[in-house]
Amino acid sequence: MPIAIGLEGSANKLGVGIILHPASTPPSPHDSVHSSSSAHTKPTSPPVHILSNIRHTFVSPPGTGFLPKDTAAHHRRWVVRLVKQAMKQANVRIEDIDCVCFTKGPGMGAPLNAVAIAARTIAQLWDLPLIGVNHCVGHIEMGRAITGADNPVVLYVSGGNTQVIAYSAQRYRIFGEALDIAVGNCLDRFARVLNISNDPAPGYNIEQLAKNGKCLLELPYAVKGMDVSFSGILARVEEMGRKLPQPGTPEPAEPWVDPDTGATITSADICFTLQETVFAMLVEITERAMAHVGASQVLIVGGVGCNERLQDMMGLMARERGGSVYATDERFCIDNGIMIAHAGLLAWGKGFKTSLEDSGTTQRFRTDEVLIDWRD
């Protein structure tokens, strides 16, 4: 029964997780996940046993993003503490661990390097093999394990990535992706215009504001074949946001009103408009990929995949096709160490190891570069 420790730090979340791959043991009760109204889950297959899954987030002030150097300093400051906590929570000894897994990329350079150095140090101190993991593959494999999705089309949406993916011939093939900025980055950057808090995450706070939105405003809709573009949408929605009263400034002489309804436009309306537009684009390209490969399942992974409105919209499309949507809760869709441990242990089981000479990180590690030899 192999056990792996995984370290994730490609952005502002530092995660450490410890996982066990038993031969045939059902998941323990704490391994079950939340099921939303439009996305569902079922027991893990093959079984995995999550021993610990600890995360600490670097939160920057409202109106700002997180700089690579500050994020890397956060990871360096917290990584030893999280490793100790994870080992204690998992109730395992160093002798029980079979391999040390870390995020090789993609992600932000300085945070990736900070965590890679920690992983290399642990592997040498504990005399264990080192396993470099593709961040995107980690998300996909964790989503498959937790939900039990068989062979889904994957929508991977996060702060740094937007991809529609399907598996074929031991590779995760990218059918479509963002041509410029990722959808999560689009949401995060818009949050800065409205000074929306980064705690727990700007995208989550936009989602809560959007629930009170009533006016759907006009935004660009940029679907180009199977690819999407968000930079033009961001520019337009930032312009909209600056029309609203800013904290500490006097109210404008005339409020901004919707010409159709006469209602005053609020920040909630703009958040609602942004979500509806970008999510509709993602649903469109996902449905096209499903039709092409003949799939009936959609798996949503990545931090933006926690958004219940995205799950609802995807669920409507999937049900019309006689299909279903799978998603996990924030423990597994937001960057975490357990997904790196899981994907790394799958690769280790097939004899894969990362040498110290090849243990550097890369910000542009493509999903389709990885040999997925643990799948048929």
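Including glycine, each Cβ sits where the backbone N, Cα and C put it.
Taken straight from TrEMBL:
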REGION    20-47  region 'Disordered'
DOMAIN    52-341  domain 'Gcp-like'
BINDING   His135, His139, Tyr156, Asp335  divalent metal cation binding site
BINDING   Tyr156, Val157, Ser158, Gly159, Gly160, Asp188, Gly203, Glu207, Asn307  substrate binding site
Of all the Cα pairs drawn from Tyr156, Val157, Ser158, Gly159, Gly160, Asp188, Gly203, Glu207, Asn307, the residues the record ties to substrate, which distance is largest, in Å? 18
Same chain, 6+ residues apart, C-beta under 8 Å of the C-beta of Gly203 (substrate binding site), given in sequence order: Gly159, Gly184, Leu187, Asp188, Ala191, Gly303, Val304, Asn307
Per-residue Cβ crowding (10 Å cut-off), top of binding-site residues His135, His139: His139
In whole Å, how far is His135 (divalent metal cation binding site) from Ser158 (substrate binding site) when you measure between their Cα atoms? 11
Can you tell which of Tyr156, Ser158, Gly160, Asn307 has the least company, meaning the fewest other C-beta atoms within 10 angstroms of its C-beta, among these binding-site residues? Gly160
Once the chains shown are all counted, how many other Cβ atoms turn up within 10 Å of the Cβ of Asp335 (divalent metal cation binding site)? 27
His135 (divalent metal cation binding site) versus Gly160 (substrate binding site) - Cα distance in angstrom: 11
Using the CB centroid of His135, His139, Tyr156, Asp335 as the divalent metal cation site centre, which other residues of the same chain sit with their CB within 8 A? Ser10, Cys136, Gly138, Ile140, Ser158, Asn161, Val301, Gly302, Gly303, Met339
Looking only at the domain 'Gcp-like' (52-341), what is the mean pLDDT? 96
